[in-house]
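Contents: one structure, followed by commentary.
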Amino acid sequence: TMVGPNGNESSATYFILIGLPGLEEAQFWLAFPLCSLYLIAVLGNLTIIYIVWTEHSLHEPMYIFLCMLSGLDILVSTSSMPKMMAIFWFNSTTIQFDACLLQMFAIHSLSGMESTVLLAMAFDRYVAICHPLRHATVLTLPRVTKIGVAAVLRGAALMAPLPIFIKQLPFCHSNILSHSYCLHQDVMKLACADNRVNVIYGLIVIIVAIGLDSLLISLSYLLILKTVLGLTREAQTKAFGTCVSHVCAVFIFYVPFIGLSMVHRFSKRRDSLLPVIMANIYLLVPPVLNPIVYGVKTKEIRQRILRLFHVAKHTSDP
C-alpha cells in the first residue's frame, strides 16, 4: 500500500489500463486497423485545415469553424491513441496518477470544445439561411475568432474541476481501469469514498455543455426548416445542401457520446466490453468520418481536394 495524493492510504499512485477486456490475445493485431484509422483521421483533418488555410475564398465562418473542428478532432484522437497503441503493442499498461488526470481532462475538455464549435456552426447556418443579409455583419472574422476562444475557455473551465475532485478521493480497492485510456466515469468508480460530488458535477457538466448545446442546435434547425419550407424548390435544395454535412457531423459526435454516457450510467459489470468499444468509437470514429463527410458533401472542399490530388499526381509523374 502506498500513500495517495490526499495523504490517505491508497494504491492510486498509478493506474493500470487493461485495453480490451477479454480480447487481450487479439489486441496486438487489433492495434493495426486502429492505428490506420488514427492516421486516416490525422491526415484527413490536416488536409481540411490546409485547404481552408491556403484558399482565400474559403476564409468564411463556415469553413473557419470547420478548421476548428478538424483541429479538435486531431487533438482528441491524439490524446488517447498513442497510449492505446503502447498498451496493445508493447503491453505498457501503467499510467501515472497525474498523467491519467491530465489525459482525462484533455479528452473531456476537448469534447466540450467540439460541442461548442458544432453549436457555433449551427448558429452560422441559421444566420446564413434565416437572415442572409445580416450574415456578413453578424459573423465577422473577429467575432468568429472570439467564438473559437470562448469554445476553448468554456471547455477547459467546465472540465477543470473534474481532476481536482478526483484528486481528493482515496483509492484503496483497485487501480485497474476498464478502458484503454482515462475517462472520468471509469476513474471515479474506483474510489473507496463517497463520490457523489463527482457524480453530481459530471451530470451538471453533461446538462450544461452537451445537453444545452444539442438543444440549441435542434432549435436552430427547427428555425432553419421553418424558413426553408417557405423557399422555392431550387433554393430549398441549395439550403439543405449547405446543412447536410453539419447535420452528419452533429449525429457522428452526439450519438456515440450519449450512448457512452448511458452505458456508463446503467452498466453494472466492470469487465463489460460494450463501454470500451463505445468509448473507442466515440474518440476515433468522429475524427475519421468528419473529413470524409465534408470532403464528399461540401462542393468547395471536394473540388479543392480533387485539385490537390491532381496536382500531386502530376508532380509525381516522370
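All residue numbers here begin at 1 and follow the chain in the order shown.
Cβ coordinates are placed from backbone N, Cα and C, and glycine is handled just like the others.
Features as listed in TrEMBL:
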DOMAIN    44-294  domain 'G-protein coupled receptors family 1 profile'
TRANSMEM  28-51  transmembrane segment
TRANSMEM  63-81  transmembrane segment
TRANSMEM  101-123  transmembrane segment
TRANSMEM  144-166  transmembrane segment
TRANSMEM  199-225  transmembrane segment
TRANSMEM  237-257  transmembrane segment
TRANSMEM  277-296  transmembrane segment
Listed stretch, out of 28-51, 63-81, 101-123, 144-166, 277-296, that has the most CB pairs under 8 angstroms to the transmembrane segment (237-257): 277-296
Give the nonlocal contacts of the transmembrane segment (277-296) in its own chain as ranges (CB under 8 Å, at least six residues past its ends). 20, 34, 37-38, 40-42, 44-45, 47-48, 66, 69-70, 73-74, 76-77, 80-81, 84, 107, 114, 179-181, 183, 245, 248-249, 252-253, 256-257, 259-260, 263, 302, 305
Beyond the flanks of the transmembrane segment (28-51) by 6 or more, those residues with Cβ under 8 Å of it: 20, 58, 66-67, 70-71, 73-74, 77-78, 81, 84-85, 88-89, 280, 284, 287-288, 290-292, 294-295, 301, 304-305, 308
Short question: which residues 6 or more past the ends of the transmembrane segment (144-166) have a Cβ under 8 Å from it? 61, 64-65, 68, 101-102, 104-105, 108-117, 120, 184, 187-188, 191, 197-198, 201-202, 205, 208-209
Across the domain 'G-protein coupled receptors family 1 profile' (44-294), the model's average pLDDT, rounded to a whole number, is 87
